[in-house]
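Pulled from Swiss-Prot:
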BINDING   34, 35, 36, 54, 81, 99, 106  S-adenosyl-L-methionine binding site
């Protein structure tokens with residue numbers, strides 16, 4: 001795993017949110033490679049129970065090895081947000097953390113199919129590799145109208161209609177199985193000016209496919225409807241998002257929860273990475289952190 005995969009996003013800001021009331025119990029529902037977990041366990045000796053979960057078995061294996069030093073304080077489970085929502089909560093937590101979206105480890109492992117930097121690699125994109133549906137299944141089986149909806153709703157792709165049409169046209173002659181196949185099918189769709197921007201034209205298409213394959217909108221809904229009930233009084237829920245389709249529902253859910261008297265929004269203004277962090281870790285540039293504190297009673 002590359003060194004970049006070891007860099008947790010907005011880690012200092014996360015730690016600072018718990019500085020006044022150091023946590024004793026914590027639930028990390030996107031454990032990943034264990035970057036945030038390592039920082040919390042090192043910074044807070046009071047934290048004797050850190051329950052980490054992830055959908056990705058490969059990530060869990062990396063995290064277990066990385067967190068060996070803290071093995072008596074941390075537990076690991078293979079679970080999605082939906083799984084956790086449907087299970088009894090083992091305890092109440094002083095903090096809950098969700099770092100949404102795809103991890104650097106998943107992007108850098110080209111065989112996982114999350115990155116358009118690959119070529120011959122399979123177009124997979126499954127966070128949980130025990131599930132059946134892959135991104136290539138989606139592109140080869142769904143109707144043009146449904147593909148367009150996915151590109152529009154989950155990727156906010158301006159060329160969603162022509163992209164869907166291009167996929168359907170391409171697959172009449174050849175199945176879309178690899179990352180190179182996607183490039184051949186779609187790169188002619190985008191206007192030239194989009195190739196001169198910082199964000200590659202395929203970024204939004206890949207985002208849309210990933211969100212659909214992994215049911216990320218449904219998973220986020222499960223998290224939001226359950227997470228406050230996992231918190232102890234004055235416990236804090238921290239959610240880091242990377243695109244507007246993730247951040248919008250978090251923002252509105254926190255506002256509604258505050259209006260309902262469940263607690264208060266701590267981040268009246270969203271927290272974003274500093275210039276220094278973005279230089280150190282360019283993938284952090286679109287990160288947005290929001291925090292909600294549960295009421296004391």
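Heads up, the Cβ atoms here are built off N, Cα and C, so glycines get one too.
When every Cα pair among 34, 35, 36, 54, 81, 99, 106 is compared, the largest distance found for this S-adenosyl-L-methionine site is 19 Å.
Each of the binding-site residues 34, 35 was scored by other CB atoms within 10 A of its CB, and the lowest score goes to 35. Annotation for residue 54 (S-adenosyl-L-methionine binding site): same-chain Cβ neighbours under 8 Å, separated by at least 6 residues, are 29, 30, 31, 32, 60, 63, 78, 79.
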